[in-house]
Ligand SMILES: Cc1c2[nH]c(c1CCC(=O)O)Cc1[nH]c(c(CCC(=O)O)c1C)Cc1[nH]c(c(CCC(=O)O)c1C)Cc1[nH]c(c(C)c1CCC(=O)O)C2
């Protein structure tokens, strides 16, 4: 028999995500699982990145590793934004970032992309989600599922690998707009199927990673980013899970991002949260400590973290970094950060 867990008060994370100004900011960290943790590196020694992602027991284990060290308010599924793409017929390798050996640039390649049924996209992800939820049963810790935004997935598929400026992709959007839209259409449908599947399997929030949206000027983002993000996020509406949207280096796009149907906007470190708040009066803000601060000594971490917490006080706030944990971060520094956030009362008077 399947025991139904007793529903207690919704978790601090979910309260903040749905717009409540909570007394303490819930926290989790992008890339909280990964190479800065020795226990991650130990698994990585015997399994490739794809093996870790495709073996539900390993993916679940790595997802839970940071939670054994730190009292975080959310787990993020260990996977990658590229995970659903092989089901379309694209070969993806990791070295350590994604590599697409045959970048998609011709009509024939884009027409050949398959659109698999939800159950066929990544069944191992559904199983990993179920395993993590089982482990978290009875705890307030929420499991966040995620996917890549169509524009960011297309960036890797067309460029072929990580790059400083992604100039091949930026030229492609202007040279082959119809082909770009055809690709984005397919990626939108795939992403929607994939993310709905994650919610059905037990993901309690969804983050859409549009990591490379900031490469583009507002008009290009309005044409190739915004409409597809809107479709993905709208398609996740009504499922009972809060939707988080992240773009990096994208402050110039905030007036457009404010049009997206989501509850939470994740903010990088380039602007302070009190400056960003004006763009998003009806959203929860997530962020935004510069991940590089975690390389500095504990006293600096405490000081900078409190700055972020104070700047976040004008409305609902989920504490996070402005981008992922850097590989050389000492785990003790993360422990210190978590302590500072947990001790900060957002409702109390200013304390130095
Ligand atoms: C752009 C992007 C990718 N993947 C992802 C994004 C969006 C987030 C962002 O903007 O950083 C998303 C992602 N990738 C990974 C996670 C795991 C969950 C978590 O945040 O803890 C998440 C949420 C694991 C990973 N994905 C990857 C690793 C490193 C693999 C290794 O151990 O060698 C991990 C832990 C590989 C990967 N995959 C990608 C890159 C650029 C890299 C190399 C990054 C690096 O060197 O850290 C593409």
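In case you wondered, yes, glycine gets a Cβ from its N, Cα and C as well.
Just so it is clear, the model here is predicted, and its values are computed rather than measured.
Of the residues 211, 272, TrEMBL puts just one in the substrate site with 31, 32, 33, 34, 35, 80, 156, 323: 211. Note: the Cα of residue 323 (substrate binding site) and the Cα of residue 80 (site 'Transition state stabilizer') are spaced 15 Å from each other. On a Cα basis, residue 80 (site 'Transition state stabilizer') lies 10 Å away from residue 31 (substrate binding site). Long-range Cβ neighbours of residue 33 (substrate binding site) (same chain, at least 6 residues apart, Cβ-Cβ under 8 Å): 40, 62, 63, 65, 66, 76, 78. Less than 6 Å separates the Cβ from ligand 1 in the case of 31, 33, drawn from the binding-site residues 31, 33, 156 in sequence order.
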